[in-house]
């Protein structure tokens, strides 16, 4: 049976050994009021910016990509962009046959009331579904800016509500792009508030369990929340360059609470450990800065490096998410090595007050790592068997990821308990002519050929309908320049159906080239379905590049920190196993229906296309936390002359409490997002929760220890002394 010897107390670094992190921590500890004042001023300034500078949202022009982006640009330049509109859907309760007389009266009441609203350009004649179960009234808005459109749509909501109240025997609901956007923005805001309301008390409760003292528990939560607020304020400024796709605030909250609490936890646990060994408060802070503080910087840099890989996609959604995450990680890293030492210096031993009696005693027992030592016992005795068994478990979990399906978010991925969303889903079901359009736009160099191009597109429309590539064809229109011609085809199926994307491909590859052959035109096929095709094509090209970039740079970080290629390769392999297993679980949950009632969602049969790649870069960065902290303690043991088995046991045992607590915090924060209403947030929450759970259990307790023992002879670089290491003199 293996046993470990408790190492001697760590000595604080000498002046020559102090790294920049240690020097900053010492300044904060010896000038606590200045450090605290600077942090408060920084947070207050960011909050003032957040309150006074609205975050810029992504517009259609920010999301242009490939051929669909060129089509949108050509349509805009020719003045062919359609006017925005709202729709009022009238149905019978329960979906039965609609009373025409009653429905016509709704239209008659709606027409004058809606026409009187500022910003309304006109109210169209009612359109009936073929089976007589639904009637639709279109309301055209003036071509104003988005804010004015939102105001008009809100005023129309009031009108629609009045008409609905006057006809209680019918279902009268307003929908449309503007009203759906406003409703989803409101829902995202509600989700964000719900996430805060749930995650803060849960995180605080976990910290109370981890520390057994209320002040110690409050510090990481308060610091993390201040980091979130600061990052949101900073992003409000950055959004003028990188606009928000609608999910950045949620990502900042999720990542900020997770890493903010974890970084503070790592630092606070080490400072507490050194004080228990007899170090003074300032010395304990210095030692914590030189060990945990250095590891925090490494882990934070790893996350930022990983997130920067998303920049290679050149996709506005990915870039916005990356910038938001990078900002909050940078702020959390800064706070952990600056204001946290000041707080600890000012509080001194009061940080362990007031104690929660039962939890305090339990915390001290758990802190010895006895449970982890018993769990890794079989791994230490049978490392090869443990390694093989663990790899098999992870591979089985990852196997479903081979069937992963990706698609852009559609109306079907939005929460259907939002009335505007449910109404639009009904519109697509009852009235196929209101489905999304596929735009075919052509521009000729000679205005004299415009009539020929127009005739060719009219014939193309008829051929597309006959071939089933479109369900209907619209009127061919000519732009203001007299050279640009637009044909709008109605998609063959509802939003999100893969047959729409096949229709786009057929148009691009066969129908459009055949129709316009010899006319000397520049043409493009656009629309929502075409944009989805282009996004998928772009991701197929950028995905290998992003993966190679992220893995390559994180490997370089590990080599720079531990001076061991073996450790870097092991870390990368374990990261890939965790990510693969998480993807497998995501596919099992969200591409099937068995978990719908459990997580309150309706399966769309695919994962939202940006979620897996975002989860990949986040997980590669976050999993570095555990590897850096565990490997740092393993290296301490090796440099003290322990055998590899003893050093591995020492590393796992010494980090057991802090890694378990940190993982519990991350899992709880991510799990909260799995309860929110937006499908992409659910998918991300489940994926990140599962990956962190596996990383903190299977990887930390079985895979990593077993791999290190099997690779014993290749760990030589970890034994070499580093003069900058705290306690180097004690190890010699």
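Glycine is no exception: its Cβ is also placed from the backbone N, Cα and C atoms.
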Annotated transmembrane segment segment (source TrEMBL; candidates 105-137, 138-170, 171-203, 204-236): 204-236
Range among 17-35, 36-54 that TrEMBL annotates as transmembrane segment: 36-54
Annotated transmembrane segment segment (source TrEMBL; candidates 295-312, 349-366, 367-384): 295-312
Transmembrane segment according to TrEMBL, located in which of 318-345, 430-457: 318-345
Long-range neighbours of the transmembrane segment (569-590), counting only residues six or more past its ends (CB under 8 A): 391, 394-395, 397-401, 403-404, 551, 554-555, 558, 599, 601, 603-604, 606-607, 611-612, 615-616, 619-620, 623-624, 627, 631, 679, 682-683, 686-688, 690-691, 694-695, 699, 703-704, 707-708, 711
Remote residues contacting the transmembrane segment (688-711) - C-beta distance under 8 A, at least 6 residues beyond either end: 254, 372, 375-376, 379-380, 383-384, 386-387, 389-391, 393-394, 397, 566, 570, 574, 577-579, 581-582, 585-586, 615, 618-619, 622-623, 626-627, 630, 634, 644-645, 648-649, 652, 659-660, 662-663, 666-667, 670-671, 673-674
